[in-house]
Amino acid sequence: MQSAMSLSLSSASPIVRSDVSSFTSQAPRSLRFCGLKREAIFGLNNANSAFRSSARLVSSSSSSSLNKVFSRNLKISATSSGNGAPSSEGEFDYDLVIIGAGVGGHGAALHAVEKGLKTAIIEGDVVGGTCVNRGCVPSKALLAVSGRMRELQNEHHMKSFGLQVAAAGYDRQSVADHANNLASKIRNNLTNSMKALGVDILTGVGTVVAPQKVKYGKAGSEGTIITAKNIIIATGSVPFVPKGIEVDGKTVITSDHALKLESVPDWIAIVGSGYIGLEFSDVYTALGSEVTFIEALDQLMPGFDPEIGKLAQRVLINPRKIDSYTGVFASKITPAKDGKPVIIELIDAKTKEPKDTLEVDAALIATGRAPFTEGLGLENINVQTQRGFVPVDERMRVIDANGKLVPHLYCIGDANGKLMLAHAASAQGISVVEQVSGKDHVLNHLSIPAACFTHPEISMVGLTEPQAREKAEKEGFEVGIAKTSFKANTKALAENEPEGLAKLIYRPDNGEILGVHIFGLHAADLIHEASNAIALGTRIQDLKFAVHAHPTLSEVLDELFKAAKVEVDASSPVGEPVAV
């Protein structure tokens, strides 16, 4: 969440409300699978429309020049107990130290132990980071409630099944407890998984004091210094609050506060219509609130493929108790006090002229997330953040103020801004561990899927249609579009959930998948067939031979790939039948 919910953005320093899409990392180096432009998946141009952010404590990489690593033919043997002695005994306390125990740090730690690296992880807050404690996980609990409430409240839907249901109600505290209990359970699972493998969990604030040296302990204390052959920064992000907005945690809140569900206001304004805002609008309207979106860009849901966004708006916004203001900034928000409501002053996003003043019961600030990189001691190794983000190359190696790689230091996840998603952080962490274990690896960010867990869901991977056409114009190829509807899917019809669309963007000349976008029932689960195809380089002409169980929602993708018109034959031979 994007970060407070399911997905996020990308870039380098606190997100200023006008230019989320400008977050970029270093230019890739002539590799096919290099980093992704921040806007490649989300394309936001303004923080007021930034995505939720799901993915908090994540920010990556550590290692010296890979050439040195390879030249030494690095080999590390695992001990039978899992987390063994450091490979260079006596020289370092650990093979790998990770600062930040969010999803990214956790994924890196587990993979490091699998590779035989003696590993420690430093956490100054709680294990799990934003995703588990204040993002993806508790938000999914609230959305599970909103989905059931929405279904039970839909009398026509229930009658179509022959069901009669009395008026549905809910207990706010029990709903909040469900979210909190889920976060606690997942947090314990992550902690226990690391302990079971022998990862040392060090409590305190982690600071880089010198190359391959980290200090940890309570803030302001002398702390303990440890040495590590490689260091990964994975400190994640925090909610971004634009200037002029006063957050009191009660009536003017961020996603961190909203997930506690301490109240369900009659009327709540949500600043930003990205992932965070959309998911919370789903929760609040299902629980009875009226919602007003405040969006800086000229349309709602600006980061989605335009065709998918248009359909989603028709289903997720228009029929619900939601209205909106677009092309405006919330220049000032004052919390409710002394019997007065929350006051929101709006100005034109372009002219900055006053537009309107709103009086509401509460306001949720869903303008994206900012990297949590202060106090890391980066000045000790001559590293300057870019708008708060730690600069890295396509291998997550940290770059110093002179443009040189910092040996043995990496940064993953939200802290580097490449793609602010929890699972992206984990993938980056695994990629880094591969590198420090002696195997070169470059993550293809275009293959990383994203999802918005509304009802119905939205998911996507790769480029939107405008991005694909821009790329095609520059590189000189044609773009093909194929679409399939959920209305033709047996399983969707059986569920009385026929509203949905899947869209494939591809190259007709060679069958390459450029992007897939889905809106409909379980879209977040369906997207992975496409994302894995992109990651593995599988062409559409091969996917046409894939077999899908019937009747399942996966046949939406089956029909989608079969609908594509590719100009070449199958790129790989079909295997000989096997007698069984």
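Cβ atoms are placed via backbone N, Cα and C, with glycine included.
The domain 'FAD/NAD(P)-binding' annotation in TrEMBL covers 94-429.
Positions annotated as FAD binding site by TrEMBL: LYS140, GLY206, THR235, GLY236, SER237, ASP414, MET420, LEU421, ALA422, HIS423. A 10 Å cutoff on Cβ-Cβ distances gives THR235 (FAD binding site) a total of 36 other Cβ atoms nearby, all chains included.
Positions annotated as NAD(+) binding site by TrEMBL: GLY272, SER273, GLY274, TYR275, ILE276, GLY277, LEU278, GLU279, GLU295, GLY368. Taking all protein chains in view, 29 other C-beta atoms sit within 10 angstroms of the C-beta of LEU278 (NAD(+) binding site).
Marked as domain 'Pyridine nucleotide-disulphide oxidoreductase dimerisation' by TrEMBL: 448-559.
TrEMBL lists HIS550 with the feature active site, proton acceptor. The Cβ of HIS550 (active site, proton acceptor) lies under 8 Å from the Cβ of THR490, each of which sits 6+ residues away along the same chain.
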- [ ] Determine how many residues of the domain 'Pyridine nucleotide-disulphide oxidoreductase dimerisation' (448-559) DSSP places in helix, in strand and in coil.
- [x] 41 helix, 29 strand, 42 coil
- [ ] Check the Cα-Cα distances from THR235 (FAD binding site) to the binding-site residues GLY274, ILE276, GLU295 and tell me which is shortest.
- [x] ILE276
Task: binding-site residues near ALA422 (FAD binding site) (Cα-Cα within 10 Å), from GLY272, GLY274, ILE276, LEU278, GLU295 - done: none
TODO: Quick one: of the binding-site residues LYS140, SER237, MET420, which has its CA closest to the CA of GLY274 (NAD(+) binding site)?
DONE: MET420
Open item on the list: Using CB atoms and a 10 A radius, I'd like the single residue among the binding-site residues ILE276, MET420, ALA422 with the highest neighbour count.
Closed with: MET420
